[in-house]
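Database features, via Swiss-Prot:
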type: COMPBIAS; residues: 1-20; note: compositional bias 'Basic and acidic residues'
type: REGION; residues: 1-44; note: region 'Disordered'
type: BINDING; residues: H53, D64, A65, G66, G67, M68, N69, K122, Y155, T179, R199; note: 1D-myo-inositol 3-phosphate binding site
type: BINDING; residues: Q59, P60, G67, R274, K279, V340, E362, E370; note: UDP-N-acetyl-alpha-D-glucosamine binding site
type: BINDING; residues: F349, R350, A352, T376; note: Mg(2+) binding site
Amino acid sequence: MEGAPRRPDRHARSEEERHVSQYASRLGRRSPAAPTRRRMLRKPRRVAMLSVHTSPLHQPGTGDAGGMNVYIVELAQRLAAINIEVEIFTRATTAALRPTVELSPGVLVRHVDAGPYEGLAKEDLPAQLCAFTHGVMQAWAGHRPGYYDLVHSHYWLSGHVGWLAAQRWGTPLVHAMHTMAKVKNAALAEGDTPEPAARVIGEMQIVAAADRLIANTSEEADELVRHYEAERGKVAVVHPGVNLDRFRPADGRAAARARLGLPQDALIPLFAGRIQPLKAPDVLLRAVAVLLDERPELRSNLVVPVVGGPSGSGLAKPEGLQKLAARLGIADVVRFRPPVGQEQLADWFRAASVLVMPSYNESFGLVAIEAQAAGTPVLAASVGGLPVAVADGRTGFLVQGHDPAAYARVLRDFADDPALSARMGRAAARHAECFGWDTAASATADVYTAAMQAHRRRVRSHHG
C-alpha cells in the first residue's frame, strides 16, 4: 500500500548490534565527579537546559521548530514559577541575536555560536557539538562553582553536550529523548530518510550516562528499555502539558471561523504542523480525495486548511503538497497557510471540525492536546503517544495504519453528523484539563530531586 511504513523485525538482533550496544554502554559510563560540597536541597535552584538544534524563540511549525520548542518554553516558565531558575542554551542562527534574552522572569535564553548562522542542516550539527560545548563551558566559566545544580538536555544532540557538561560540573544529568532513532526507523514514511547509525550509537551512550531519563508516555519508557537497554528505575514518565489559558474553547467555533474568514457550516478537517513525511499530511489530502470521490456533493461545503511550514525531505515542501492536491483534483478545497503564532493557532483549532494527525510516529503529539483543549476532536494514527493524548471514541478517533480510505470514513461520519464534532469537542476540552503544564513542571521537579539524590549516592559510593 502506498505510504505504508516499512516494519523490520524489531526482535532480531545481529552480532553487529550486540557489539554496538556493548560499545555504547562502555562509553556511556560516566566517571564520578570529584567530591564537592553538596547542598541538601529538595530541588535544584538553577538548571542548565540544553536545546542545540532548535531555539525556544523560533516559530513552531516551520523548519525544525515544533512541539519540542513549545515543551521547553512552557516547562521552563512553569519551573521558574516554582522557584527553579532555568537557563536555556541554544545555537545562534543569526548574528543579530543578542547573546542572552530573558524569556520571562527566571528563564534566560543563551545563544551559542556554533557553525554558520544560516544554511546548516540538522544533519550537519553533530560536527558542531564541540563548538557548542565550548560555548556552554565559556558561559559556565563566568560563574562561581556550583552555579548550575543540574543539566537537563533535550534530543540526542543536546544529550552529548549535557553528558560532558554534567561530568565537568559534577552535576546530575536528566535527559529527554523526544524522538528515538530506532523507533523512527521502524516506522518510516515513504520518501523519508532513515536515521544514521551514528545517532543510534549516540542515543545509547546518553541513555547509559544519564542519571534520569524522562519519557512522555509509558510506551516511550518501554521503548527506552527495549531498544536502548535503559535501566527501568532511571526512567520517569512525565506527560507534557498544554497551556490551558491559551488553548480553550473561548468564544467558540463560530467566532473563530468569522475571524479566519471560514464558512460557518463547512466541514473543516485541519492539518497543523511541520510539513514533512513523518507527519503525513499527504494522507489527509488523499483521504479528502477519497471522500469527494464517494460524496462529490460535499465539495461545495468543504475546506481543508494546511497550516505549517517545510521541513525534512520528499513531500516536505509546500509545493510538493500543492502539486499532489492538483493531481488529486482537490486543489480548490485545500488552503495552505504559513506557520502562525500560538494565539492564532488556537483560533485555527477552535474553527476546525476535526484536527487530523496521520503521523507515522509521535512521541506524544502536543498539538493533539492543544486542539482538544480548544474544544476540537482529533482524528489520528494510533502511534506513539497519541493513544494517551486522544481518548479513542470519546475525544476523537484513532486509526490503525495510514490507509487514506480509513481516514475518509471518519471524515464522512463528521460530515453526516454535524453535531458529532461539537459533542466530542466538549469531551475533548474536559480531557485536556488533565494535562496542565503546572502538573508537568511539578513532576519534572520530582525527577530532578531523584536525579540529585542518585548522583550524591554515586559520588559517596565512589569516594567512600
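Cβ atoms here come from the backbone N, Cα and C positions, even for glycine.
K279 (UDP-N-acetyl-alpha-D-glucosamine binding site) falls within a helical segment according to DSSP. Across the structure, V340 (UDP-N-acetyl-alpha-D-glucosamine binding site) and F349 (Mg(2+) binding site) are spaced 12 Å apart at their Cα atoms. Comparing Cα positions, E362 (UDP-N-acetyl-alpha-D-glucosamine binding site) lies closest to N69 out of the binding-site residues N69, R350, A352. Fewest other C-beta atoms within 10 angstroms, among the binding-site residues Y155, F349, are seen around Y155. Packing around V340 (UDP-N-acetyl-alpha-D-glucosamine binding site) is summarised by its Cβ count: 18 other Cβ atoms lie within 10 angstroms of its Cβ, all protein chains included.
H53 (1D-myo-inositol 3-phosphate binding site) counts 21 other C-beta atoms within 10 Å of its own C-beta, drawing on all protein chains shown. Cα spacing between A352 (Mg(2+) binding site) and E370 (UDP-N-acetyl-alpha-D-glucosamine binding site): 12 Å, rounded to the nearest whole number.
A coil conformation is recorded for E362 (UDP-N-acetyl-alpha-D-glucosamine binding site) in the three-state DSSP classification, outside any helix or strand. If you measure from the Cα atom of H53 (1D-myo-inositol 3-phosphate binding site) to that of R274 (UDP-N-acetyl-alpha-D-glucosamine binding site), you get 15 Å.
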